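Among the features that Swiss-Prot reports, repeat 'WD 1' is placed at 365-404. Per Swiss-Prot, repeat 'WD 2' is recorded for 575-615. Here Swiss-Prot flags 617-655 as repeat 'WD 3'. What Swiss-Prot records for 659-701 is repeat 'WD 4'. The annotation repeat 'WD 5' is assigned in Swiss-Prot to 712-743.
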């Protein structure tokens, strides 16, 4: 149907047959030649082979080929008189006019009643070929050419019946030879290749089931009401309301970067001025690949087929893919945020005083690296262990050197016994643990009790006399425990155990009483170990001690428990394969913390089982410190991180602080956290960082960690220790400097 026209008859396909009969009747009455307007297929076939009709005079002529067109070719009749534009004509259904002409005058409707229209359709012989033009409110009669055009369009034919689309096609002169055809020799694909595979069949079946399911669901959905046609604005600018996502998608999109067009130097026959000279070629060859501006030098070829393969094709395509992958797809508003607002609000460090902030003392005399420092329980004396084989004890307040103990080998660690009822200074020296009683550091009764505590069980008669003699000796300030009642002849035959002998090291650790020479030096008891002692720690009561030998070839003997009062030695872990780095006893509960290279294990000493395992994220753990309350602990590692673990929070670090630039070698909590909630970390970058770490009793509050001070040294820091009752910090460095930092 032509646009803008409506047919008077709606009989469908049968209407054209009636129209065909009427036109034939009209043609007979006028005496014209036999013309078939709508020929059937048989008639067209007969006309093609030249068969005449029954009377021999019939002929088949297509509509439009013999009809003489009397219509005028002027375009004035076809001009659009109604100039209302492309609007719905329903807007004028209640008006007396149908629109306006080019001069703005109204075009009035033709008023005809239904009876008049019926009579016109009955009396008019051309009623079957008459259509109504709603735009101009008039009837138009279709010519034979128009009917033939409609007839051709309905059957998907060309609009011009005389047009032959195959007139320019030449006749195929190629003769098919089955014997020489490739497919005739069974070399083509078999029928099996056209059968879909089993997995393809399953995929298709799955898609069919999905479509059927969607169709069934769509039938169950309630039918949506069709919206009425909304009024349209005649002079709208085409603005479309969009949501934020759609507007961002279409208006903030950034086009992908285009490949730059090739330059003249990339031509296969560039001008002579673009060709490089020999000097330029040598300079290009000397440059590195990443420093070259281009990956090739211009060359001249006689023809394009002489151009070789571009060796940098794959790299260029890869770089192009990277450019497309990493190019921003849309414009985004950059958020300008003040970096200070991202930091948590912390109290002013000045409000958290006291804490160590100034250098007050230098404890001189060391000639090598000081690997360990320890403060006595009363805070009066400071012990240091140095690589020059000496253990020195200083008075904290004055810096006076009270005593030096020659151990004969580098000292790995020194530590005072935390119990105030025992006056013991222990030192780790290669394959042994050495116990010294500094008599000047405690009362005589405490010294006597300490000697009996270390030597009481399993002594022979001569050893009891020696112990009694040691107990009767007056202890003077600045002097070590000596045995003056024994003569040189009585001490000459005493056997000494060589701790460096291979056979002796293979034995279990055993307690050994000091020889006369060692007693003169102040050594009371030694414990021979099977491997080099790296670290050790005391229990809070001073009776138990744990020693670590990480380089022992027997893995379960890396951790050794010692009971000093009964001289018992036992290995608590029989099936243990990890390398240990540090250990600590819980200050209040029967728990034992053992740090390995990548975790911290918490053992219950009463139940003899592993209670918890804390994952230390990062590098290899180096040191461990337990909070005096026992619910938190610190772990240092080789990645410059200090991890704060909350046992009530999680098995993972509560805070992970990276304040240093080197390996964290030492860290320690202040023993008196109720008055001084402080902890310090020392690293190989020569800095000691002091933190305020407040732990609350309320479980709804997290621990508060605030950095308050940075204490700088010239060399790596190996040890840190707090004063037991003051906010003083003692540090030791690689160059043998031992300092005291006070508030």
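Glycine is treated like the rest: Cβ placed from N, Cα and C.
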Quiz item: According to DSSP, how is the repeat 'WD 2' (575-615) divided among helix, strand and coil residues?
Solution: 0 helix, 25 strand, 16 coil
Self-check item: Interface check, the repeat 'WD 1' (365-404) with the repeat 'WD 3' (617-655), three or more C-beta pairs under 8 A
Solution: no
Practice problem: Could you put numbers on the helix, strand and coil content of the repeat 'WD 5' (712-743), residue by residue per DSSP? | Solution: 0 helix, 17 strand, 15 coil
Exercise. List the helix, strand and coil residue totals of the repeat 'WD 1' (365-404) as derived from DSSP.
Key: 0 helix, 22 strand, 18 coil
